């Protein structure tokens, strides 16, 4: 139900917009700010908005790498620290919070984040995650120290190594008990979901972010291409490889997810069987998973009074329910995967491999984000005349690390979610919409087509022109309308807070100051477009007035 919309969105949104940004960068030979200023002086704000969004992404995304370092360091312990609940202070039992949740949730929310009950209770900086964050930024700085010279070499490693680890994980995942349950769940079509608009929106959003559209990194990287380079071929190749990798990674994920769901389902059944066996003094082995329902019916009819006392303690075990409890984002990376890994043989090995891969992927993503910021900065002669590239890179890392320490506080994860949910989504949609309209209707599609043909020697076919001029902009407008209407219908924005007393997440309303920060995150990037255009218009009128002849 997700794969069909995903593939359709790839061809009507992802591939055309990727080609457009690569072509703009290759043609204009500048970063995002300079490229859109060349197209029109009034469009400098588009490039600035991309840099602002990339800066927001850079600030919070490297926190994931800090968490990856944290888990990687703990992966060498035997047993894994998230595999069992710790003893309480009296050593008479396990920690109450861990018993109510799970060992993996406890390690994530309490040991890693030391999370506060709400966003209002800020707490202090956690020094261990803070040190991991500093280490993560040091790694990024070493990778971008020499600009594209060093970045290009690092990308080969960050791009190829994860494939090796994924292949190893695929082989292991397919041999796990219950892996087929996860794969069947992944590939079983749910036709009713195709009629749900949110499925299509999620597919479009996934394509949008996985290709990095609107961040300015694609324009930055393409600006270093040879003018005659076949950017159309690059766009098609990158799009197909990206989507194939996503599907391949999904197969790995769902095979492991099937193992985790099956393990939990069978553990639940075993607990119910043990409960019935002990409560009714049944013979060991007489109750199995296959005859459990018949035994329950028999006990309910033969000894209803005792059975009614036991019923509240019987859990409802369902494999489908276990598979339906899908999570995404940090929950998938640091809770679901760790829960599956802890039940594997030689769990330390699989944990080290997984978190090393996650770290490499995160560093690779950071290279794209930082390139989107550094390329426009190094294009500026005003900046480069005073500071060398190494100093510019160092200042970017230092400022981002200092701001990122906010995410290592006890309420840091709530602020991380705010940045993750609101710093880019609406802004990127608006940026790419303005990009397509500007290229096709301000600069002129026919003009750009002629320049592209002169540059690469290849004509622009009808498919690209139709997507750029009509289909993709209309699709983005539809996405913007859906997001805005969804926010309006939802009303007050809410977040998931960790309740230690219940051992689970609870929904709470964002306080007024958090809503103000959300508004500032969206406005600080999107308002660059109209404000810079207005400022440019005023400057032009002012200069025209100065040069007007005196009567």
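Backbone N, Cα and C atoms are what each Cβ position is placed from, and that goes for glycine too.
Between the stretches 76-101, 154-179, TrEMBL puts its transmembrane segment entry on 154-179. Sequence-distant contacts of the transmembrane segment (199-224) (same chain, six or more residues past either end, CB-CB distance under 8 Å): 1-2, 5-6, 8-10, 13-14, 17-18, 21-26, 28-32, 35, 47, 50-51, 53-54, 57, 148, 193, 231, 238-239, 242-243, 246, 368-369, 371-376, 424-425, 427-429, 431-432, 435, 475, 479, 482-483. Panel annotation: around the transmembrane segment (510-534), residues 42-46, 48-49, 52-53, 56, 119-120, 414, 418-419, 422-423, 426-427, 430-431, 434, 492-495 of the same chain, lying at least six beyond its termini, place a Cβ under 8 Å from a Cβ of the stretch. Counting Cβ pairs under 8 Å to the transmembrane segment (127-145), the stretch among 6-24, 236-257, 352-374, 422-445, 466-490 with the most such contacts is 352-374. The transmembrane segment (6-24) makes no contact with the transmembrane segment (352-374), as judged by fewer than three Cβ pairs under 8 Å among residues 6 or more apart in sequence. In sequence order, 212, 245, 364 are the residues of the same chain, not among 210, 242, 361, 365, whose CB sits within 8 A of the CB centroid for the Na(+) site. Within 10 Å of the Cβ of residue 365 (Na(+) binding site) there are 19 other Cβ atoms, across all protein chains. The list of residues near the transmembrane segment (236-257) in space but at least 6 beyond its ends in sequence, with Cβ under 8 angstroms from a Cβ of it, reads 3, 6-7, 10, 14-15, 18-19, 163, 166, 169-170, 173-174, 176, 179, 182-183, 185-186, 206-207, 210-211, 323, 326, 332, 336-337, 340.
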